[in-house]
Protein chains: 2
Amino acid sequence: MHEISDFLDAGDAQSAAAALAELHPSDIADLLEQADEDRRELLIALLRPQFDAEILAYLSIDLRDEVIERLEPKALAAAVAELDTDDAVDVIQDLDEEAQRSILANLPPEARALVEEGLTYPEYSAGRLMGRQFVSVPEFWTVGGLLDYLRAAATSEDTDLPEEFYDIFVVDPMHRVVGSVPLSRVLRSRRGVKLVDILHEDIHRIAVTMDQEEVARLFRNYGLVSAPVVDAGGRLVGVITVDDVVDVIEEEAEADLLAMGGVGEDDLYRAVLSTARSRFRWLAFNVVTALISATVINQFTNTIAQVVALAALMPIVASMGGNAGTQALTVAVRALATKELTTANAARVIGKEVLVGLLNGMALAGIVGGIAFLWFGQSLIGLVIAGAMVINLICAGLFGGLIPFVLDRMKIDPAVASGVFLTMVTDVVGFLAFLGLATVILL
Amino acid sequence: MHEISDFLDAGDAQSAAAALAELHPSDIADLLEQADEDRRELLIALLRPQFDAEILAYLSIDLRDEVIERLEPKALAAAVAELDTDDAVDVIQDLDEEAQRSILANLPPEARALVEEGLTYPEYSAGRLMGRQFVSVPEFWTVGGLLDYLRAAATSEDTDLPEEFYDIFVVDPMHRVVGSVPLSRVLRSRRGVKLVDILHEDIHRIAVTMDQEEVARLFRNYGLVSAPVVDAGGRLVGVITVDDVVDVIEEEAEADLLAMGGVGEDDLYRAVLSTARSRFRWLAFNVVTALISATVINQFTNTIAQVVALAALMPIVASMGGNAGTQALTVAVRALATKELTTANAARVIGKEVLVGLLNGMALAGIVGGIAFLWFGQSLIGLVIAGAMVINLICAGLFGGLIPFVLDRMKIDPAVASGVFLTMVTDVVGFLAFLGLATVILL
């Protein structure tokens, strides 16, 4: 890959193109992602004549749009037609409508029908993830018959055998899934053995409407490599393989991480203006909560005017509450994502967070109270901040656990929305407890 | 699974045990995770007679320790001996030394040697992940010969064929990997075909010392299902399969998410005291940064005493800086984890963050400045907060991008440490800019 940069630096486009042709699509995607704009344009120009649409599948969505804009619809459609249906659906689903239409119109009729069908399934469903090529055979076949069939299909012209597969699906005459046989099991069995005698019946059939997160959970929990996708009637309609699921796991983990950081979606490749706009929404929300805290503080200007040291100390209480609350919140958000936090154990988990808040609140109260006393030489100031700390950390534990759980029950993504509400609570409680106690005790 | 709860509620231990025996180890692990302590004890008592060590592989580390403590070393060793080497290593590596020794001592000599060898590889390396059972054959073999070998091995007594496998590894006489043949390719080929004619030579050989994160990246980028692990001499020593990699991807994503939230490790099942203690470290760090901000504010008590409204407004500047900085930081931490942020594009990425900070800083300056003006009826106060907002958001963008990048270069995990430094910067700059401007402009 460094070689290609060297060729391009030296202006040797031909050698660069030759070296590009040797690379795996995912490496080309990496190259495009790490290039600056000029270099990217140059690379796309080199790739254009024989564009491999699989590169698109590895690009982040923003960069994908950029690359697609620079390709001709016909060339793009030709490239997409070469993809497996699931990859084609994956690439097309994120495009805007016009781009979708122009690619679909240029696809061969058969591929077009499959892709259009794929797009009819709900977003993030198993139907969007699944491939349409699989090996399904009747239950009365033997291992020998299967081998002969596969060998014949491999050499036939219009084979629809998938490039790679991991399980043979055994179906009844209605095309309902009876079971599956892992390939390693086929290889171990003699020709005369009947498939019905070596198949696993107790397999995980995935409904075509199942959410992709649930699909990922199944694959992870049961160590699956491929699984049949069935329609409402139990008929085999597709297959999901573990490589699709790895992408889903990555995407879900990334989405949670970004959401908790207040970023809507990966914006690494987006232009400055569009990045700023998408992030602004989150900041605007936070302005509201910051203004609410300001209003709280503003009720105590009289107290602050009399003991100005309070102004220096009050952010400590709010920020420590925020930090402790974020700890509880992170654990809760993660446990909700992995289904480890459920109605059954919610009271216990949240109760524990309150206790943890109490313990750490007392520990911090001792430290910060002591420092405040030494700093300002007033034991009452130490007492005020210590009391406020305990109150705020208990609230932080309570709401850090409770907010994500309640949002999740309300079908709101806890990773996205929990942070704003929590900050509001820990700021308001922090300032209120500290300045309130100060007013009562010091004045 | 609900059934089992019902049985236990009704005190019908026998039916519960029977139902448990039907469950997949990962479901039993789920059940243990969701149970409260009494219920968990009951479940473990039911499982003890025929404990399936695979359950341990699915449990979170804390819960695993708890379960292991309640099993007898002998029974536990018997259960572990049933596991594949990689799972056994996975279970044993996280135990304390005494528990490790007691299990190892009770393992059959052969399994013990393999597990002990596994433990000699560095933590988080391919050597710890890999399985020791694989199918490797010489290059001159034919498909027919391979089939005969596998069928014979499957029925032999002391077979060391893995339960499931996805690739046949072709090795030279020195046991160096020449290439691999996916099983679906074997099945498609006639008996007379030589393996050397159908093998993929251009495969990804994984060095036994490779970090697991790098292994995961290879599997993800190239859609691998299994890959050979080789020693320094290129000799085949093990195989990594995609199910191990799915766990790694999950763990890495979880570790980053928790670290960014200020939580060292998953503590959902840990006792209150131990949770509080492990989280306290992070909070103690943050006390230091909070005290630094307090010191900054304390320099301006004179200014605050004269315009008390400043006390109400100053947390807005600091908190908006913190929020905007966290956005930049989250994107940078994620991009470092996926190797999308490198030295080659760091200047561009960080430069973009500064521009985004400038744009959103100006937008927020307008909004918050306007509100402050309307609220306190002083246009100069609006001007002060607007100016401070722009300054702090530019710093937030700069340091939100820079801190993770620099920490990563210094081989410090950016997910863990970036947050503290960033908060320090945005708090100090926020208070300093706001109160400094106020002192200059208002007094």
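Keep in mind that glycine also has a Cβ here, set from the backbone N, Cα and C atoms.
Residues or ranges marked as domain 'CBS' by TrEMBL: B:199-257.
Cβ atoms under 8 Å from those of the transmembrane segment (B:280-301) belong to residues 262-264, 310, 314, 318, 420, 423-424, 427-428, 431-432, 435-436, 438-439 of the same chain, restricted to positions at least 6 beyond its ends. Per TrEMBL, transmembrane segment is recorded for B:280-301 (among others).
The transmembrane segment annotation in TrEMBL covers B:307-333 (among others). Listed by sequence, the residues of this chain that lie at least six past the ends of the transmembrane segment (B:307-333) yet keep a Cβ under 8 A from its Cβ atoms are 256, 260, 293, 297, 300, 341, 349, 353, 356-357, 360-361, 364, 368, 372, 376, 378, 381, 385, 388-389, 392-393, 395-397, 399-401, 403-405, 414-415, 418-419, 422-423, 425-427, 429-431, 433-435, 438, 442.
The transmembrane segment annotation in TrEMBL covers B:354-375 (among others). Proximity of distant same-chain residues to the transmembrane segment (B:354-375), defined by a Cβ-Cβ separation under 8 Å and at least 6 residues beyond the stretch ends, is recorded for 313, 316, 320, 324, 328, 381-383, 385-387, 389-398, 400-401.
The transmembrane segment annotation in TrEMBL covers B:381-407 (among others). Residues of the same chain lying 6 or more positions beyond the ends of the transmembrane segment (B:381-407) and with a Cβ under 8 Å from any Cβ of it are 307, 309-310, 313, 316-318, 320-322, 324-329, 331-333, 336, 341, 346, 349-350, 352-358, 360-362, 364-366, 368-370, 372-373, 413-415, 417-418, 421-422, 425-426, 429-430, 433-434, 437-438, 441-442.
Residues or ranges marked as transmembrane segment in TrEMBL: B:419-442 (among others).
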Intrachain residues whose Cβ lies under 8 Å of the transmembrane segment (B:419-442), provided they are six or more past its termini: 260, 262, 285-286, 289-290, 292-293, 296-297, 299-300, 303-304, 306-307, 310, 313-314, 317-322, 324-326, 329, 380-381, 383-385, 387-388, 391-392, 395-396, 399-400, 403, 407
